[in-house]
Structures are given as structure tokens and as C-alpha cells.
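**Q** What follows is a structure written as C-alpha cells; I'll ask about it next.
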Amino acid sequence: MTELGDDPDVEALAAARREEALATNQRRLLVLAGDRDAGIDAAFDAVRGADVPDDEVTFVTAREGFRFHRVEPKRASSLLGTTRTLVVLDAHEEFSANALGRVAGAVDGGGLLVLLTPSLDDWPTRRDSFDERLAVPPFSVADVTGRFRGRLVSTLRDHPGVALVDLDSGTVERDGAYRQGISFDAAPPRVPTEKDRRSPRRAYEDCLTADQSEALAALEALTEPGTAVVVEADRGRGKSSAAGLAAGSLAAEGKDVVVTAPGERNAAEVFARAERLLSELGALRGGGAGDFDIAADRGGRVRYVPPTEAGDAAADADALVVDEAAALPVGLLESFLAAPAVAFCTTVRGYEGAGRGFTVRFRDRLDDADREVTDARLDDPIRYAAGDPVESWTFRALLLDARPPVDQLVADATPETVSYRALSPDDLLADEHLLREAFGLLVLAHYRTEPDDLARLLDAPNLTLRALTHEGRVVSVALLAREGGLDPDTRRQMYDGGRIRGNMLPDVFTSQLRDEGAGVPVGYRVMRIATHHAVRSSGLGSRLLTELRDEFADDADYLGVGFGATPELLSFWRDNGYGTVHLSTTRNDTSGEYSALMTRPLSSAGRDLRDRHANWFLGRVGDVLGDALSDLDADVARAALAAVDSFLSPDLSEYEWRVVVGASYGPGLYTTAPGAFRRLGLAHLTNPERASLTPREERLVVRKVLQTHPWDAVADELDFHSTAGAMRALGDAYEPLVDEYGTDAAREERERFR
């Protein structure tokens, strides 16, 4: 520790670290800990010592009045894709892990990241607006812990390349010198000979590294139908730029290229690079990157289409480029295979989050598709040299490099060999390997895991983590959120439309489904559940859910879950004792899926909650399927209805039975009394074991009777030769339903046609 007296020479320290950063083309981190006003003054000294022009400096702070470019912490995402020489992050008031990751990603090689913090000894005990967001009802901010900040502080104190000044004591705790670090400049790009490339020479000349030029070469496979290219990279490696160069090259040849991503912002770099290349080639004819629609010579085009529409749009295009593919669900990724040629580009580890799930969740399906698959990976950073200590610190501090155990260590795990255990935040902090394995599995359980998720896991009072371990290695995890147990004022606020954080199921039950008592029972919602990919489909997920049921039987009224509905997931949760109580009436913007809510009672209060919502669901679902859910996938509807823990009686009048019998066994028409067919169809679909219908017949009931699709559309979708054939098939499908549910009057009517 170096004594600096009453006036620490931050200027000299910043100058030294800046000189080192420039010499290695890496970044350095300077922490100014202590009084906030003193920290801001010291940050100005750091800017002066680093000799950075004002227009290359950004302050990320809630404070105003600086001569530098300023960004509010809640808008830190605006720095993604930008490059700054020096960024100051004020962590005193509105600090979040997400903001830290996004800010760090904006610092260029040779630059400095300056972090203003409270005293490092006191910081973990401080609470700010982020902690207030973690304090979801019925908890208060006093229940939020400071474990995440405590872990962050420990990394600041021992990671290479981090200079640390204690402003309160006037000392340099660490000077951050990192001269022993090895810096490697990326290999220069390679330009293939004309006979070895399809893309223009200029596209290769625009590449910045050999990795990028090799990725562009791999993307040339998109010129041929029946191909797929997978491009993976950590953030900052030029993946999106390579995709943009490929898209621009295709457009210059007159190709129609569809680009999709979770949002337009995610695809901005693809369009910027495509526009620049087309301009350099003299082939730009209209539109632009800002419009996300670029016109080129010979009818070429690069255009953005939202993920839920991209599969259909790409089927008529020449190629589809998917950026940030890991942030999209498997169902959408599969729909993209309708394109003649498709590129899946994804960030494996990035400052804004991690997305390794693409490889685990989708790669097997891609390999099984009738595609010639080309792989490319970019490892060399674009904006700074390899071995950058700020990158390695950020990955470590935010667990962006967390991974599950290697396959060999868990491949022989079975439900009989595993142990169930609670993973408390203190357990996780005491064992870095345990933390990395558990968090690594949680990353794979979701399309996009943010740095804030780590802070929530360690500090949020409503979250709890459970796991199955095999010989000490984590093979399955479940993250649960405690919900409900709300006081009357909170329940009334929710009923009146107020949004209550962290209580998803009670919120939907109360505000949307008008059940003011739904916030009284205590439930645990399974937010994420994941099993190691090496031992999937071996019963471990079900074993974990059984353990959860047994553990929480005396502490909660129900277990619940909400997810993007697919037939497979609905069946999985049904097999584990969960019943459908609601289907959302709007699709998720990113996944294109409708959400299903399911519960499993643990007490009489939980059973009452389940029973009334199951019955209300059955009372409305027939109408909703013919309206807001008229485009719900038929197999999702079948699985959702089969999972309802209640049976619907058809309750037909004698006249209605005569109509149904006449349409199934005789010459009658379905259109005479569609309501009777709807009730009988719902009775079967909520208890499909009672009568034997084929999956195709059940889809016919869903599409025509429940969703009222036109006959010609139904016949086409279900591969009937004609509408008349579909009509006859519907009558045939109702024969076993008449046999199973029919009254004496129905059976008597049936005998007239035998």
C-alpha cells in the first residue's frame, strides 16, 4: 500500500496505467473508493492524467453538470456498440451488474475504465435503488443482502490490472501495474485469391482480424441452398461485422437477405457493415442501416424482419442471417430452417450476458436437419489485444465464463446416484467451483442470462436455489421465487391494476383473472430448471421436482411455473403433477409463444386456488380459443387441456345430443349446433384417456370446433384431400365421443343409424 497523503496523486496513477494500456493495446481499471464528491474530483484528475480528449470521455452517473458526455446508469445499454477511450462509472447511487458489464464493453484498447465506489469495506452494506428493486413484497430492502458487492470487492482487490485508490485514507491500495501480462495482437486478415472466394475482395479488406476473414469465408456457404453456418464468438470479436459483410456481399450479387435478431438494436452492426460495404462497392441503391432495409444493385436487398415473422419471410428469400441466435427459443430457431440458406450467429460470452444455450439447446436439431453445416469461431478481440485484464476481470466478477461440469464428470449420473441439497448464497460464495457450476447450468436454462441475475441469486430475499449433485458436481438446478403471502393493502393494489414486483402468479391471478384472494396463499414459482445436457432425459428433472414438493410441503401452499408453452414442456410439467390454470392471450414478442401457467397444490389453500382457477380456465377456454387464441398451435392446445386438473362435463340437452349424433352417425351438420360440439370436444380434450381419438382427429377438433378455422384451411393444414374429407373425418371423430359421453337418448338416436 502506497501512502499519498491528503492529496492522492490520482493523475500520476492514471497516467501510468494509461501508458501501460497504450503500450499493450489493452485496457486498465482504476477504482476510486470513498466519498462520492471526492471520487468525482479524482475522476477529473484521472481524465487529465490519462490525457484523453473530452470528446472521448463518458461519465455514467445520475449526477449532472459535467463537460463530458453523460449517460444515466439506467441507459447504460446505449453504450453497446460504441467505443470510448475513458469511461467513468459512478456506482454510488444506481449501481447494477448490467450497467457495469455494458460500460466495460465500451472501453477501447489503450483506454481506462474508472469505477467510483463507496469505501470498499462499507460498500456491501450500502443499499441503493437496485436493492430496492430486489426487495419484492412481502420483503423489504432490509432483507436484501450485499453478497454480490462483497464478492465484487474481493475481485477488485486481487485481480491483475486493477488500480485501487482509497480516497478516505489517502492511500493507493493497489497500483494495478500489470507489466507481466502477455499481449498478443490479433493476426492480420487473410484475403483469399479470386478463385478461392465468392465475396468481393473489398469485403475481406474490411476485416480486422484473421478470425473475421475466416468467418466471412465460412459465411460464403450461404450462396448455396441447403446450407447452414454457425458463427460463435465472445463479445467484441467482430461476429456481427462479419455477418454484415457477408450480407452486403450477397446483396451485391442481387440476393435477397433477411436479417433477424431479438430486436433491431441487436442487428444494428450487421446493417452498418452491410451498408458501408455496398457503398464502397458502388452498389448501394437506397435505404440504409438506420432504416434496417438496404437496397442494392441487381435487386439485392438486406432487410430486418422480427423473429416471429422471419421464418416465413426467409422462405421466399435467398438467405437468412440470425444474430444473437442464443437469445431466441428453439421453436423459432427451427422455423428459420425454412430459409434456403441460414447463418446462426451468437455471442457465447458478452458483457451484457451469456448465451451458450444455443449449442446445447439447438445444435443437435441442426445437425439432424438436411443441411450442410459450416462452423466458425472468432477468438481474437477486435478493439483490444488478447489477455486484456479488464475483460478477464469482468468475466470473473460477473460470471460470464461460468460453465457446468465437463460431461465426463457427470455422464453416469442417475436419479439413484444423486443427492439433493439446498444451495444457499453463503454456500455458493464459499465454493467458487460450486457457484460456477450452478450458475453455468442456470445460464443454459434460459435464452439470455444477464449479470443482474447473479446479483439477484446472491442477494434477493425471495429467491432460493436447489440442486442435485453427483459426486459433488452439480447436475440439475432449480431456481425458485417465493410468491404470495401478501397483506390486504398489497392485494388490493394488485387487484386495482398496480404492478407488484416478484409475484408473477399472484399478479396474473389477481389483476387479469380477478381473484383478489390469490395473493394470500404462499407459493414457490420455479423460475428456471435445468439439467446437465450430458444426462438429460434420464429423470433428473423429475427427481428434482419431487424433492422440491417434499421439501416445501410444510412451508408453502403450492408450487407453480410459467413458461412459453410447447407440447413437450406442458407434458413434462403435467407428468410431474402440475396442472394448467391459464394460457396468456398474447404472444411473447421474442419467442412467439403463448405462456402457460401451471400449479401443483401442497395444502388445502393451494388446492382451493388450483381448483377455482382450473374451473375458471375451463369455463373460458372454449371462447378464448375461438378468439384471442385462434392461432394457438393445435398440439399446444391439446397438451394444455390434457394437463388441466379438472374435467369438463359436456352437459348437452337432449336436442343437442340428437344434433351431435346426427352429424357423427347420420346425415346431420356440425354447423347446426357448434356449441354442443365445442363442449363435447372440450370434455374429451380435458380427459383424453376416456375415448380413443388419434392425434390428427384431436387436431381437427381443435382447429375446426374450438378455433373455428375455415374448412379449406383445416383441410390443407391437416392434409385432407378435400374439405368434404375433413367434414367426414370430423363426424367420424365424434362417434367415439358419443359412445363414451352420450346419454340414453343419445344412444337411442345412434341406434337409428346402425
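Even glycines carry a Cβ here, placed using N, Cα and C.
Here Swiss-Prot flags GLN212, GLY236, ARG237, GLY238, LYS239, SER240, SER241, ALA242, ALA243, GLY244, LEU245, ARG383 as ATP binding site. Taken from Swiss-Prot, the feature acetyl-CoA binding site covers ILE529, ALA530, THR531, ARG536, SER537, SER538, GLY539, LEU540, GLY541, SER542, GLU568, and the record attributes it to sequence analysis. Annotation source Swiss-Prot lists compositional bias 'Basic and acidic residues' at 192-202. Residues or ranges marked as domain 'N-acetyltransferase' by Swiss-Prot: 418-603. If you look up Swiss-Prot, you'll see 181-202 marked as region 'Disordered'.
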**Q** Taking residues 6+ outside the compositional bias 'Basic and acidic residues' (192-202), which of them lie with a CB under 8 Å of any CB in it?
**A** 216-217, 220, 223, 245-246, 249, 252, 277, 280-281
**Q** Quick one: among the binding-site residues ALA243, ILE529, which has the most Cβ atoms sitting within 10 Å of its own Cβ?
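**A** Max Cβ neighbours within 10 Å, all protein chains included: ALA243.
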**Q** Please give me the CB contact count at 10 A for GLY539 (acetyl-CoA binding site), counting all chains in the structure.
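**A** For GLY539 (acetyl-CoA binding site), the 10 Å Cβ neighbour count is 15.
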**Q** For the ATP site as recorded (GLN212, GLY236, ARG237, GLY238, LYS239, SER240, SER241, ALA242, ALA243, GLY244, LEU245, ARG383), determine the largest distance between any two Cα atoms, in Å, rounded to the nearest integer.
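**A** Max span of the ATP binding residues, Cα based, is 18 Å.
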**Q** Could you measure the widest C-alpha to C-alpha distance across ILE529, ALA530, THR531, ARG536, SER537, SER538, GLY539, LEU540, GLY541, SER542, GLU568, the residues recorded as binding acetyl-CoA, and give it to a whole number of angstrom?
**A** 16
**Q** So, three-state DSSP: helix, strand or coil for SER537 (acetyl-CoA binding site)?
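**A** Going by the DSSP assignment, SER537 (acetyl-CoA binding site) belongs to neither helix nor strand, so it counts as coil.
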**Q** By a simple count of other Cβ atoms within 10 Å, which of SER241, THR531, SER537, the binding-site residues in the record, is least packed?
**A** SER537
**Q** Starting from each candidate's C-beta and looking 10 angstroms out, tell me which of the binding-site residues ARG237, GLY541 has the most other C-beta atoms.
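**A** Most Cβ neighbours within 10 Å: ARG237.
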**Q** Including all protein chains displayed, how many Cβ atoms other than that of LYS239 (ATP binding site) lie within 10 Å of its Cβ?
**A** 29
**Q** Identify, in sequence order, the residues in the chain of LEU245 (ATP binding site) that are 6 or more apart from it along the sequence and have a CB within less than 8 Å of its CB; answer 'none' if there are none.
**A** SER199, ALA203, ASP206, CYS207, LEU216, LEU219, ARG273, ALA274, LEU277
**Q** With DSSP, how much of the compositional bias 'Basic and acidic residues' (192-202) is helix, how much strand and how much coil, in residues?
**A** 5 helix, 0 strand, 6 coil
**Q** GLU568 (acetyl-CoA binding site) has how many other Cβ neighbours within 10 Å of its own Cβ?
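**A** Within a 10 Å radius of the Cβ of GLU568 (acetyl-CoA binding site) lie 11 other Cβ atoms.
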**Q** Taking Cα-Cα distance, which of the binding-site residues ILE529, THR531, SER537, GLY539, GLY541, GLU568 are within 10 Å of LYS239 (ATP binding site)?
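**A** Candidates kept after distance check: none.
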**Q** Within 10 Å of the Cβ of GLN212 (ATP binding site), how many other Cβ atoms can you find? Include all protein chains, please.
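**A** Around the Cβ of GLN212 (ATP binding site), 26 other Cβ atoms lie within 10 Å.
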**Q** May I ask you to report the DSSP-based helix, strand or coil state of ARG237 (ATP binding site)?
**A** coil
**Q** Could you state the CA-to-CA distance between ILE529 (acetyl-CoA binding site) and ALA243 (ATP binding site) to the nearest Å?
**A** 33
**Q** Roughly how many Å separate the Cα of GLN212 (ATP binding site) from that of GLU568 (acetyl-CoA binding site), to the nearest whole number?
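**A** With distance taken Cα to Cα, GLU568 (acetyl-CoA binding site) is 38 Å from GLN212 (ATP binding site).
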